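Below you'll find the structure, written out as structure tokens, and then a few comments.
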Amino acid sequence: TNLQQRRREGPAAALLWQKPRSAAQQRHSVTAILSKMAGADGDDSLYPIAVLIDELRNEDVQLRLNSIKKLSTIALALGVERTRTELLPFLTDTIYDEDEVLLALAEQLGNFTMLVGGPEYVHCLLPPLESLATVEETVVRDKAVESLRKISQEHSPVDLEVHFEPLVKRLASGDWFTSRTSACGLFSVCYPRVSSTVKAEIRQHFRTLCSDDTPMVRRAAASKLGEFAKVLELDYVKSDIISLFTALASDEQDSVRLLAVEACVSIATLLPQEDLETLVMPTLRQAAEDKSWRVRYMVADKFSELQKAVGPEITKNDLVPAFQNLLKDCEAEVRAAAANKVKEFCENLPEDSREQIIMTHILPCVKELVSDTNQHVKSALASVIMGLSTILGKDNTIEHLLPLFLAQLKDECPEVRLNIISNLDCVNEVIGIRQLSQSLLPAIVELAEDAKWRVRLAIIEYMPLLAGQLGVEFFDEKLNTLCMAWLIDHVYAIREAATCNLMKLVEKFGAEWAQNTIVPKVLGMANDPNYLHRMTTLFCINALSEACGQDITTKQMLPVVLKMSNDQVANVRFNVAKSLQKIGPVLDSNALQTEVKPVLEKLATDTDMDVKYFAQEAISVLALA
Amino acid sequence: LHPLLHSPVHPLKKVDGFPRRSMRRARQRRSHSSSQFRYQSSQVELTPLPLLKDAPVAELHDLFCKKLQQCCVLFDFLDCVADLKGKEIKRAALNELVESVATSRGVLIEPLYPEAIKMISVNIFRTLPPSENPEFDPEEDEPTLEASWPHLQLVYEFFLRFLESPDFQPSMAKRYVDQKFVLQLLELFDSEDPREREYLKTILHRVYGKLLGLRAYIRKQINNIFLRFIYETEHFNGVAELLEILGSIINGFALPLKAEHKQFLVRVLIPLHTAKSLSIFHAQLAYCVVQFMEKDATVTEYIIRGLLKYWPKTCTQKEVMFLGEIEEILDVIEPSQFIRVQEPLFKQIAACISSPHFQVAERALYFWNNEYILSLIEENCQVILPLVFATLYRVSKEHWNQTIVSLIYNVLKTFMEMNSKLFDDLTASYKVEKQKEKQKTRHVLDDICSIIRHIIFHIVNMYRLGHLLNGSHHDSTHSLPCFKLKIVDTIGEETLKE
């Protein structure tokens with residue numbers, strides 16, 4: 001009765017009403033349980049378990065937590081019967097603890113079916129989970145609901161009606177909002193497997209919660225509406241769900257209305273095409289024009305799903321104008337969400353009228369967005385706009401999209417330019433990149449010199465791709481200098497990426513190209529007064545030697561590396577050792593023995609311990625000892 | 001929702017990709033307009049009406065009504081040059097309305113109520129725009145200000161004067177100021193503009209005071225806002241303002257406290273302490289909590305146990321706030337209630353005293369400077385001193401901060417004067433306890449030493465053996481026992497030292 005009373009009041013209240021247990025009392029209760037569990041015959045094998053159980057009561061949260069996490073061990077040791085008769089009541093009784101412990105407990109109980117004796121006894125787990133499902137803390141409650149959903153599948157249909165469904169009902173009519181919120185997530189798991197009378201009750205409970213007094217519960221119900229609709233018979237979807245959907249979609253709180261938009265997708269998928277117009281569309285139209293931007297944002301965000309759910313006809317008649325409005329919305333958030341969907345929306349338009357719809361309805365809006373005042377809108381658009389070229393084909397792309405790409409390539413915001421450049425491959429397939437090259441170059445140059453190193457880094461990563469598409473001549477003429485300039489960037493990450501970039505370029509354009517264009521410049525840096533630049537030479541050699549092959553490595557790179565072994569900066573010297581180790585395998589054995597070995601041996605006697613170390617390492621790896 | 005990052009500062013000012021707070025703040029103050037303008041189909045051209053003060057008495061109400069209707073037209077304030085003439089006409093009209101409601105009697109007649117409330121609703125009720133800065137930190141960042149404030153302020157001023165007018169009749173107003181109206185009013189408390197929240201606070205307070213039928217509803221909706229704030233969004237700009245209103249509401253609760261009010265305390269006010277942004281509204285929250293205690297001392301235990309349950313584990317700033325609140329509570333606590341919570345409370349206080357963060361320790365030790373708390377401690381010295389003694393003694397020897405050490409000495413001195421017998425007993429038993437512990441470590445140490453001796457013995461033997469095998473006659477054992485002693489001595493010294 002004490003427990004029932006506590007359950008009624010909820011755990012938080014129980015905690016506060018509860019008298020603190022004195023240490024002696026606590027010890028007493030634990031030993032009582034221990035002696036009970038360990039048995040009067042002094043069963044020593046249970047001692048470790050007794051310790052774990054003792055720790056369930058420890059003052060230190062961490063110890064309690066550890067013990068809870070080993071709950072399955074305890075249960076396994078006790079056996080199914082004692083787990084049912086002793087451990088579970090004990091847990092149910094000590095449930096008023098730190099949220100962290102409760103979370104662990106809620107999770108554990110979801111995997112407890114076998115430990116209480118299999119599906120036949122799974123209902124024993126319901127009382128503690130029921131209490132956990134009423135806790136104030138959201139994560140605990142959610143975890144308890146998750147576990148309840150899991151074990152509901154392990155109930156037999158009879159047990160589901162005898163044990164599980166009454167629990168759902170109790171939660172659904174709880175005093176405090178937490179239990180009603182939890183109930184919302186449980187209807188759909190038991191509905192398909194109960195008798196029709198119980199089904200009717202469940203529907204009734206769900207209806208009640210959809211018009212609950214507190215917005216928290218209505219939100220929970222709205223977020224489960226789609227899921228619940230899926231398990232209902234079609235007739236009830238039409239008679240029950242639609243009215244609930246309509247009501248929630250016109251709730252006084254926008255936080256409820258926006259969740260109804262999510263449900264709209266599932267509901268529309270369930271209904272036959274001919275019912276959509278009357279049952280769903282009025283609500284959807286209203287949501288797309290809601291006075292709260294949050295709701296409109298949600299519509300924009302779910303637009304592709306909605307489009308698929310309502311089918312081509314309604315898309316043509318309703319969604320196209322709605323999408324146009326969202327693209328022109330007064331809030332940047334909404335416009336950005338809609339801009340993100342432009343490509344997907346166009347792709348999914350019915351083929352017979354796709355081009356016409358895009359050209360007459362969507363493209364004008366897109367044109368406006370290109371010069372939007374908000375950079376996030378432009379950036380969202382830039383990340384998808386290139387995809388339109390494959391849909392519209394070569395001529396339309398050149399005539400209509402190209403000017404937009406060019407405009408975005410000149411945008412003041414680097415993210416916009418970057419998004420365009422990173423999607424160049426889509427355009428390349430349709431019209432070839434050369435159409436863009438005139439504007440591409442200034443954009444790339446500007447990004448290459450952007451003040452933000454992350455922007456520079458991003459553009460470097462697209463270099464190999466661009467090089468491949470633009471061809472070697474264009475590259476040499478326009479981009480080569482950039483690639484070399486990055487090697488002396490003041491940010492290490494850029495220099496590193498630039499080195500890696502060179503390697504990829506050489507892989508693309510071949511060793512001969514490298515020998516003529518890159519290698520001389522890289523080697524030239526070996527005489528730079530800045531030791532960081534001298535080290536970059538070494539890093540480049542590390543990266544390039546393999547791609548350039550033995551000839552270039554031995555004849556051009558090796559002498560430079562060897563010369564640098566006399567550098568006055570120790571960092572350069574030990575990097576010489578590392579480089580020699582790296583390029584060693586590319587060299588022939590003659591060069592190794594006559595040129596590399598003496599230098600490494602000299603470095604191995606260096607005054608600096610790091611130089612010594614790396615020289616010795618190189619000697620042993622190259623087997624020169 | 002969609003986390004739009006704020007726009008970057010000028011590229012030249014930035015060296016890397018990390019946004020800097022200082023730069024963000026240096027940004028020009030932005031202002032917001034709300035999503036309402038697109039719903040106005042066509043802009044109406046305003047024409048100035050005659051002044052209210054020049055109107056003949058017979059036409060006064062009619063003119064007042066026309067002005068109210070004129071003020072229902074909304075203007076785009078983001079475009080600061082748009083329709084300047086219209087804006088000025090509306091501003092002048094609003095000013096006149098404010099003045100008229102504030103000064104002249106007999107203006108507010110029944111037919112004007114729906115018109116006035118309509119004008120107010122049209123102007124103030126709007127969906128608040130998305131926050132310009134999604135990581136808006138009310139303590140650090142400048143708030144985004146409402147662009148239409150030049151008009152909005154006058155509308156709020158009018159509303160306030162309307163509610164405060166001696167002619168105001170709640171029985172007439174309640175038909176228009178209904179639940180739906182109040183709900184929308186409460187949503188506005190999320191406004192980022194502090195000027196707007198200030199007006200809303202005063203207005204809601206007046207509404208609560210004058211429209212009795214709405215009181216329960218207002219309390220319930222505030223509850224919902226708080227619960228959403230605590231358990232769902234963790235974001236609501238007007239928590240401090242709502243708590244301030246609640247402070248005065250709690251003050252007026254009848255005794256004995258209804259279950260609803262107690263539930264509000266235990267399930268809403270106490271959990272509010274868990275919020276990340278507690279510092280913004282802590283003063284108001286603590287005030288509410290203390291108000292509850294002053295109303296009904298029996299809630300003390302729930303409050304203290306609640307605070308102890310939610311005691312911050314890692315955030316020291318919050319811990320200092322909690323300690324401050326505890327002191328406020330102890331300032332007004334009934335001695336009989338104090339006895340019920342002293343044990344867990346002083347365990348927590350002892351934990352705070354031993355915090356390595358000196359502000360936390362200092363804040364806890366300040367309790368002993370409070371006359372009333374000191375008297376409570378003195379009365380219950382037998383219980384409290386044993387709870388804190390070991391901590392005080394230990395921290396007085398270990399704390400890195402001199403201020404804390406000297407504060408602790410004062411506290412120890414106070415206890416000594418309070419009950420020297422108990423103090424001596426505790427000191428003695430503490431020392432015995434320490435001695436036992438020391439002995440325990442001593443035993444452990446002895447064990448370790450003997451193990452080390454064994455190991456060294458073996459090493460020495462192997463060493464000798466090696467030399468013998470190598471044919472060396474050099475006896476190096478004399479240097480090894482020194483080495484052995486050195487190890488043993490070092491360990492002994494470090495741990496045996498008091």
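Heads up, the Cβ atoms here are built off N, Cα and C, so glycines get one too.
The repeat 'HEAT' annotation in TrEMBL covers A:48-86, A:125-163, A:202-240, A:241-279, A:280-318, A:319-356, A:362-400, A:401-439, A:440-478, A:518-556, A:557-595, A:596-625. Annotation comment: TrEMBL describes A:125-306 as domain 'Phosphatase 2A Regulatory Subunit A helical'.
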* **Predicted model, mean pLDDT over the repeat 'HEAT' (A:280-318)** => 90
* Structure fact -> Beyond a gap of at least 6 residues from its ends, the CB atoms lying under 8 Å from the repeat 'HEAT' (A:241-279) belong to 206-207, 210-211, 215, 218-219, 221-223, 225-230, 232, 234, 286-287, 290, 292, 294-295, 297-299, 302, 305-306, 309-311, 313-314
* Which bits of the chain, at least 6 residues beyond where the repeat 'HEAT' (A:319-356) starts or stops, bring a Cβ under 8 A of a Cβ in it? -> 285, 288-289, 293, 296-297, 299-301, 303-304, 306-308, 310, 312, 362, 365-366, 368-369, 372-374, 376-377, 379-381, 383-385, 387-388, 391-392, 396
* Asked: When the repeat 'HEAT' (A:48-86) is classified with DSSP, how many of its residues are helical, how many are strand and how many are coil?
  -> 34 helix, 0 strand, 5 coil
* Asked: In the repeat 'HEAT' (A:125-163), how many residues does DSSP call helix, how many strand, and how many coil?
  -> 30 helix, 0 strand, 9 coil
